[in-house]
Amino acid sequence: MPTSGTTIELIDDQFPKDDSASSGIVDEVDLTEANILATGLNKKAPRIVNGFGSLMGSKEMVSVEFDKKGNEKKSNLDRLLEKDNQEKEEAKTKIHISEQPWTLNNWHQHLNWLNMVLVCGMPMIGWYFALSGKVPLHLNVFLFSVFYYAVGGVSITAGYHRLWSHRSYSAHWPLRLFYAIFGCASVEGSAKWWGHSHRIHHRYTDTLRDPYDARRGLWYSHMGWMLLKPNPKYKARADITDMTDDWTIRFQHRHYILLMLLTAFVIPTLICGYFFNDYMGGLIYAGFIRVFVIQQATFCINSLAHYIGTQPFDDRRTPRDNWITAIVTFGEGYHNFHHEFPTDYRNAIKWYQYDPTKVIIYLTSLVGLAYDLKKFSQNAIEEALIQQEQKKINKKKAKINWGPVLTDLPMWDKQTFLAKSKENKGLVIISGIVHDVSGYISEHPGGETLIKTALGKDATKAFSGGVYRHSNAAQNVLADMRVAVIKESKNSAIRMASKRGEIYETGKFF
């Protein structure tokens, strides 16, 4: 087991207490061991190398496996601890650039320049030629750009995201290879890097270890997390050995830079040049500008889908359902559902919600390319919906005066009630609860005479239908007049309160 000083990440410092575990009767799960399993450090993971392995990321964020140089007998965990200890020693003497203020002398050190070129530089070239009129947009090139946008986009949503990151379905090698190759056309990094950072996002949503932590602001979660160098102090890991076991993932990662250049720029340029005699149009519109649009659409999942929309399933974290984002990302905008049910191959569950990715996954399953499509049960989905609705109702209830709580009221026996009634002529018993109606007699809808006949008496039967079956609103008005509970009738009082939604723990009442 790790020694003191180990930097295995725990998800939350606040853990619920379990009496059975703390008493020693039942063993607790070893959190350190469980986190080692969650990061995959108990498994052998050969390193996959390429020329730009950290494309769209940074070394601090993607150091998933470790170099084989040195002691070959060291486990992944041993290498991790050794590297973490080295970083700790360096941190004692050197403050990371992300923790330093921006100045005219160091501003360039804050930036991830590779990503600046990929995310900002190349789009600027494309927009310059497009907006200046140097390369006009023709209809055929536009239509092809839209088609190719869909090819690259679906390769990300159905491939990178739902197939590899979440294993929401399985696919045979032709489909996996297609997604691996044309996922490169979106210039969003290799599937290995993309899937690793995405699994970290789900494991540490809305924490400092979340690569695109929405709490750090809209701009940071949209693009800042890629354009700025991340603090290695908050580096996190997730198990992706299932991904590295896939030969299509290994092939793509090894050759990512070549595949990216071919699919993102060379292929659209050649197709538009050969079929439409417009090489420059293919490069600018089907290449640079298409990449810019698909990148920005994907970034909206990390940003807008955590800021705009509804939270019908849970509101403890920031993800939201947003139909606007769903339109440009082939159905990925229903983010609240996705974070609650991540292994469901669907992101949208209602017929009118836009999710072409789930349709494509379903269609590929019909022709035998995809299989084992996973869905959460409708019962589990309904449970989440009802729990969230109840949470909203409880918040509204907390803002309303529901009358005195029964446990805060004094306990009277019937003799005490009779004695008090001689002093206060407005007391009446209904369902085991004493109410002071003296200030309500003149407002009683049934008239003063009827209510006066109940003073100093038990009017439960008359109130509950013997004379008039009072409405729910009448019961709520009556609850504001509570002054005591009759000891002999406390069970009736509890039943009345429970009908109004009041909850009292069994065995702790009075």
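Each residue, glycine too, has its Cβ placed from N, Cα and C.
Taken verbatim from Swiss-Prot:
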- 1-112: topological domain 'Cytoplasmic' (TOPO_DOM)
- 113-133: transmembrane segment (TRANSMEM)
- 134-138: topological domain 'Lumenal' (TOPO_DOM)
- 139-159: transmembrane segment (TRANSMEM)
- 160-255: topological domain 'Cytoplasmic' (TOPO_DOM)
- 198-202: motif 'Histidine box-2' (MOTIF)
- 256-276: transmembrane segment (TRANSMEM)
- 277-280: topological domain 'Lumenal' (TOPO_DOM)
- 281-301: transmembrane segment (TRANSMEM)
- 302-510: topological domain 'Cytoplasmic' (TOPO_DOM)
- 409-487: domain 'Cytochrome b5 heme-binding' (DOMAIN)
- His444, His470: heme binding site (BINDING)
Relative to the Cβ of His470 (heme binding site), which residues of the same chain, six or more apart in sequence, are found under 8 Å away? Phe463, Ser464, Leu478
Are there residues of the same chain, six or more positions away from His444 (heme binding site), whose CB falls under 8 angstroms from its CB, and which are they? Val437, Leu450, Ile451
So, by DSSP, how many helix, strand and coil residues make up the topological domain 'Lumenal' (134-138)? 0 helix, 0 strand, 5 coil
Is it possible to list how many residues within the motif 'Histidine box-2' (198-202) are helical, extended or coil according to DSSP? 5 helix, 0 strand, 0 coil
In the same chain, which residue numbers or ranges, 6 or more beyond the ends of the topological domain 'Lumenal' (277-280), come under 8 angstroms Cβ to Cβ? 129, 135, 138, 140-141, 269-270
Let's see if you can do this one: DSSP helix, strand and coil counts over the domain 'Cytochrome b5 heme-binding' (409-487), in that order. 31 helix, 18 strand, 30 coil
Restricting to the same chain and to residues at least six past its boundaries, which positions have a Cβ under 8 Å from a Cβ of the topological domain 'Lumenal' (134-138)? 128, 276, 278, 280-281, 284-285
